[in-house]
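Q: One structure follows; several queries about it will come next.
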C-alpha cells in the first residue's frame, strides 16, 4: 500500500481493505516477490477474510536487499550525526502527520484496537525523534598517555543490521529497531512477521521521503527460510530479533557461525505481585493493563498475578467485574477495548490453554470462550472473551508456559519471601511488577526479582527513553534508551605517539 494509497485510508472500515501492492522494499522502491508459487494468504484478524498475499523472498532477493543496504550504509555512515538527525526528524514528522492512517492499516493487519494502535504509532515517531537527538551526541574519549602520547576512541557503526520483527507491534518494532541503527550510521534490512507484512513497507517509504539514501532501510518478506538467509549472510553485522524463545535460539545459533552481534527480545511469563497494603483500585487497573493489552499478545505481560491471600476475595470480585465489562469487537471503533487475536490457529491455541487449565484444577471466573460480535462482517473473526483463572498453582501449564492471549492466572501468597521465590521460579525474566504503598518493600522486591524491568504501582509503561530487555531465557541486549547505542556501534581505539619509538631491539 503506497503512501498515496495510505492517504485514502481515512474512510476505511473493517473488512473493506484489500492490499495488492508489492510488499518488499529495497534500492529505494517497492519490489515484487519472484516466488509467487509460494505465496501465502494473510488474513484480516477481525473478519477472517484474506487481506493480501505474502510472497517470501529467496536467496537472490535477500542478497539484493542486503547489497542495496550496504551501498546505502557507505554513504550514510559518512554523514555527521547532525545530518543524520535532520533526516530522522523529518521521518518522525511524517509519521506524526499520518498517524491516524498508519494506525488504521495496522489495525486491519493486526487486529488490535484503534486506541492502542494510535499509541503504538506515537511511540514509533517518538523513538525515531529520540534517537535523532542522540545521533549528534555520539562521541569517543581522549586519554593522555606518558611522554606526550595520547589515545582516543571512535564510536563507529557496525554496517548492515538485520531486524526481525514480531506480529504484535509491527510498525512500532520496525521503527524502534531501525531508529538506533540509523542514528549510529548503520543500514537495516527488516523482515516483518509473515502474519503482518503490510506496515513495515510504509515505514520504508517514509524514510525515503524523509531523505535517507536509497537502500538504507529495506524490507524483505518471508518466514523462517528468509530469516535464515538473513542471519547467515556474510555482509550482515548484527541481528536484532523479537519473538519466541525457540526461534531466538535458532537466530543466535545461525548468527554465531558468522560471529555476528545479536540482540534477543524473547518471551516472558512475568509475575505481578499485589501486596495487601496496595491501592486496590490501582492494582486492579494494573492487572488489567498487564494482561489484556493487544488481546494479551504482549511478551512482557504480567500473566502470573500473585495476590496476598487477605485481599484475594476483594481483588477477584473487582477484577472479574472489570474484565466482564471490556468491550470486545470491531477494532476500528473507538469504543472497542479488545480486538481480534492474530490468527485462527493462535486463537485455538489460547483457548486450548484455558481448557487445559480447567483439567488441571483451575477455575474460570469469566471468559475464556470464543466470542462472536453482533456485527455480521465480524462473524469469521478471531475473537475470544478475556479470561480470569482462579485456583491456580505454580505447577499448572497455564502458570508455567507463555499463553500469549487474554488469560490472567491468579495465585494467592502469604509472605514476601515466599512470593519472591515463586515469582523467580521461571526460566523467563522479561518483566515484573509490584503494587504496594510501602516504599522500602517496593524497592526491596524490585531488587530481588530476576527480570529486566520491574514496574512499581503500574504496568506495561515503556517510554522510549527507558531501556527494555530481558534476563535469563527472555533474551539479552537492550532496546530503547541511551544504552542501545552500544548495541548498534563498535569502539575503535587509536593510539598516537608524538615522540620517538623506543629501541627495544
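Glycine too: its Cβ is placed from the backbone N, Cα and C atoms.
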Q: Need a hand: Swiss-Prot gives 191, 243, 244, 245, 246, 247 for NAD(+), which of 37, 402, 416 is also on that list?
A: 402
Q: Taking just the CA atoms, what is the gap between residue 243 (NAD(+) binding site) and residue 265 (active site, proton acceptor) in Å?
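A: Distance (Cα to Cα, whole Å): 7 Å.
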Q: Is any of the binding-site residues 191, 244, 245, 246, 247, 402 within 10 Å of residue 299 (active site, nucleophile) (Cα-Cα), and if so, which, in sequence order?
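A: Final answer, ordered: 244, 402.
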Q: Between residue 247 (NAD(+) binding site) and residue 265 (active site, proton acceptor), how many Å separate their Cα atoms?
A: 11
Q: Quiz question: given the binding-site residues 243, 246, which has the greatest number of C-beta atoms lying within 10 angstroms of its own C-beta?
A: 243
Q: Using DSSP and collapsing to three states, where does residue 191 (NAD(+) binding site) fall: helix, strand or coil?
A: strand
Q: Are there any residues at least 6 positions away along the chain from residue 265 (active site, proton acceptor) with a Cβ closer than 8 Å to its Cβ? List them or say none.
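A: Listed in sequence order: 240, 241, 242, 243, 299, 430, 468, 469, 470, 474, 475, 477, 479.
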Q: Just checking, which of 244, 247 (binding-site residues) has the fewest C-beta atoms within 10 Å of its C-beta?
A: 244
